[in-house]
Amino acid sequence: MPIPLQKLFTYRITAAEADFIKVGTRVAVPFGKSKIYTAIVYEKHSEEPKAYEAKEIFQILDDAPIITQIQLQQWQWIASYYMCSLGDVLRAALPKAFLLESETLVLKNNSFEDVSILTDDEYLIWEALEQQSKLKIHDIAKILDRKGILSVINGLLSKDAVDVKEEIYEQYKPKFVKYLQLHDSYTTDERLHQLLDDLSRAPKQREVMLGFFQLKSGSEEPVLMQELIRKSNSSTAIIKALVEKKVFDIIKVREDRVSFQTDIKPIHELNAPQLVAFKEIKGVFDQKEVCLLHGITSSGKTEIYTHLISETLAQGKQVLYLLPEIALTTHIISRLEHFFGDKISVFHSRYSVDERVEVWNNLLVKSDKAQIVLGARSSVLLPFSNLGLVIVDEEHETSYKQFEPSPRYHARDTAVMLGHLHGAKVLLGSATPSVETYYNAKQGKYGYIKLDTRFGNVMLPEIELVDIKEKHRKKRMKGHFSDRLFLLIEQALGEKEQVILFQNRRGFSPVVECSTCGVAPQCPNCDVSLTYHKFNNELRCHYCGHQQPLPKTCPACENPTLDTKGFGTEQIELELKELFPEAKIARMDLDTTRGKYGYQKLLRSFHDQEIDILVGTQMLTKGLDFKNVSLVGVLNADNLLNFPDFRAHERTYQLMVQVSGRAGRDQKRGKVAIQSFNPYHQILQQVTTHDYAAMYQDQMNERHQFSYPPFVRLVRIVLKHKDFVKVDTAAAWMGKSLVNSFGDQVLGPTSPSIGRIRNKYIKTILIKLPAKVSLKQSKGQIQRIRDSFMAIPDFRAVQVIVDVDCY
Ligand code: ADP
Ligand code: ZN
């Protein structure tokens, strides 16, 4: 069931249905008092459930499975590993269109005669049913123009005037494309000539006919209606007139929504180091299922992927290409479609429901269109039928971990499991592998291949640290720009080169603070300060979406001294416009890249050099490859380093190295300037020397000392409730029970740095499970504690979230 239930439910079917129903098909089933759900058949068996009477299914919805056996195994693994329900996984995996909606229809009972017993409202509906024979509930609501329609329907039902019926409908609507062909009566040239003569008084229709013959030019194929309209500059109305005259017939053909049509080019030949790596990877795959490709930025990892993809396709197998972020897919598609054309399907949440259903179906039937699936996180849950290779690009990216809602799975780790279930190979690629993956490679669990030369021997950029503490002291700052960074930008612009500036924060300034009393306006629903958005002069909460105009005076002391403090991409953009009035400046962050094509458009104009300086957040760091960027500036490395999280240093290293990789890709050596108050920080030093191994060693030492992954597994338990006392008591109970089982491996309960979100108070408990202890046993123990917790009436309303391998 697509709902968070811990158990599977058994329904009764007839012997005939048992023959017909297959595991993995959808059935509509009644549940609870009056609900109907789309459920998936998990198993056919003949054991009667003991705790309840099995109901009958409502309807069989598919003749063939829409979910594979391997998917069911994989989902089961996710449910047990990430401690969630199978229903959670089902909901995350299945495009919504598969989860049918049901709708109540009201039908007229034809044997009913005595209308005199009906009330006025009932009669209105009865009358409407004489016209239409069936009505939907919301039609009835319109007729009666008020909400209490249920009593009216109940009245009609009790008088036997109507029946009600649940109608189940598919939300998925295939798209049809219209083609035109000549009507049968126009098979001879004579008839055609006569037609053209007849049309001499209808010049527009005549034009269409001529266009039609041009497009057809002797072939037997029908002509695409849209193309004819475009070609002959006509309209649907004119075509319709010709259809009515019985000149044309319309043929409707179902067509998938997303298709790529390009000239296919042969894939690039690999250079010598790439070829070595490619062969080594294949060598690893003879022995192991998983291989890490540690290749520096611009070494040509993507080119190696294309060779592996090509070989996998030649074996008739499917490929899954995972990317950490939707935004990146457009960039990779445009690279891959040159080589693989319409063998690529794309799957991600910005695509429409119908587009997603198409990818799903194409995979199920092993269609040529879905030989390569490119997608973000959730594509790891798709119905592959013959998977040969999984590529996890930028495997270190934390966005692979689902945070909200359940299932809180890690797509990289789930991909490794997916590969295992299919007997497919899994390649993890990164210039800056995650500590966990590198550790797995060092332990020999994964193979490890290193690629150390950049394509075309482009030099790694020269990285310079700028001490802004010193610059502030010497008054050499203009806003957030040191004189050094200013000079570098000026030089780059002088050479007609492009600049990328990286700033870690979204919004104009995270905090608005009163310079008299020091109070910062707070979100009414969450324990955070509101963020100032300059363009509409508004304060917003990034946690709950609350927004309000910037007050003129301080809400605490009422002085007109609210001051913006800190900075974000928006302010950097404003400062730049003042510093470099001639330059074309653009900003890339969540605010400027909304919509399906927002990101794409911005990248295109940067690529076409319509933008000189691009200011952006994390989005800028990945996979982009611009030939004309000679300078990358990082405005402030410290807010990354100082983030209170055990992965903060690792992430800073990854982000700095990735963002540096955007500089200087062709002949010229790129330049990177990193501004920091603390340029002697070990991590920044390791960034300047590209010393991954040293970074890894330091991080491992720290994590060993303080017990963090990969030495332990983290399970976080989050409790939420509107009432602070309630959540506090509940967390104390939970914490105590956990300590009984796990001793000093339990940390907390504590209040997180943001202790209240959307009016709910939050408490967290962290459990560190040592790697050698049986994970299954520990999780069983946690589950038992959760069950006893839920059984306490006072705690039932407390929301409990379990996050395994939490970030
Ligand atoms: P990475 O993924 O390791 O950062 P890319 O695959 O993006 O590196 O390669 C960087 C650039 O070099 C791209 O523009 C790519 O097209 C080019 N390139 C890399 N290898 C080759 C090759 N063998 N033939 C042609 N171009 C290549
Ligand atoms: Zn809020």
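If you go along the chain as it appears here, the first residue is 1 and each next one adds 1.
From the backbone N, Cα and C atoms, a Cβ is placed for every residue, glycine too.
Sequence annotations record features per position, and here TrEMBL assigns domain 'Helicase ATP-binding' to 282-451. Positions annotated as Zn(2+) 1 binding site by TrEMBL: CYS514, CYS517, CYS554, CYS557. TrEMBL lists CYS523, CYS526, CYS541, CYS544 with the feature Zn(2+) 2 binding site. Summarising the annotation, TrEMBL assigns domain 'Helicase C-terminal' to 549-703.
Taken together, the residues in the domain 'Helicase C-terminal' (549-703) have a mean pLDDT of 84 on the 0 to 100 scale. Surrounding the centroid of the Cβ atoms of CYS514, CYS517, CYS554, CYS557, where the record places Zn(2+) 1, the chain contributes additional residues within 8 Å, namely SER515, THR516, GLY518, VAL519, THR553, PRO555, ALA556, GLU558, ASN559, THR561, LEU562. Note: the CA-CA distance between CYS517 (Zn(2+) 1 binding site) and CYS526 (Zn(2+) 2 binding site) rounds to 21 Å.
Within the set of binding-site residues (CYS514, CYS517, CYS541, CYS554), the lowest number of other Cβ atoms found within 10 Å of a Cβ is recorded at CYS517. Under 6 Å, Cβ to nearest atom of ligand 2: this is the test, and of the binding-site residues CYS514, CYS523, CYS526, CYS541, CYS544, CYS557 it is passed by CYS523, CYS526, CYS541, CYS544. CYS557 (Zn(2+) 1 binding site) and CYS544 (Zn(2+) 2 binding site) are 26 Å apart (CA-CA, integer value). Shown in sequence order, PRO524, ASN525, VAL528, LEU530, HIS542, TYR543, GLY545, HIS546, ILE757, ARG758 are the same-chain residues outside CYS523, CYS526, CYS541, CYS544 whose Cβ sits within 8 Å of the Cβ centre of the Zn(2+) 2 site. Using CA atoms as reference points, the binding-site residues CYS523, CYS526, CYS541 were checked against CYS554 (Zn(2+) 1 binding site), and the closest is CYS523.
Put simply, CYS523 (Zn(2+) 2 binding site) is 15 Å from CYS514 (Zn(2+) 1 binding site) when counted between their Cα atoms.
Looking only at Cα atoms, CYS557 (Zn(2+) 1 binding site) sits nearest to CYS523 among the binding-site residues CYS523, CYS526, CYS541. Proximity of CYS523 (Zn(2+) 2 binding site) to non-local residues of its own chain (separation of 6 or more, Cβ distance below 8 Å) is seen for SER529, LEU530, CYS541, TYR543, CYS544, HIS546, given in sequence order. A simple Cβ count within 10 Å picks out one of the binding-site residues CYS526, CYS544, CYS557 as the most packed, and that one is CYS526.
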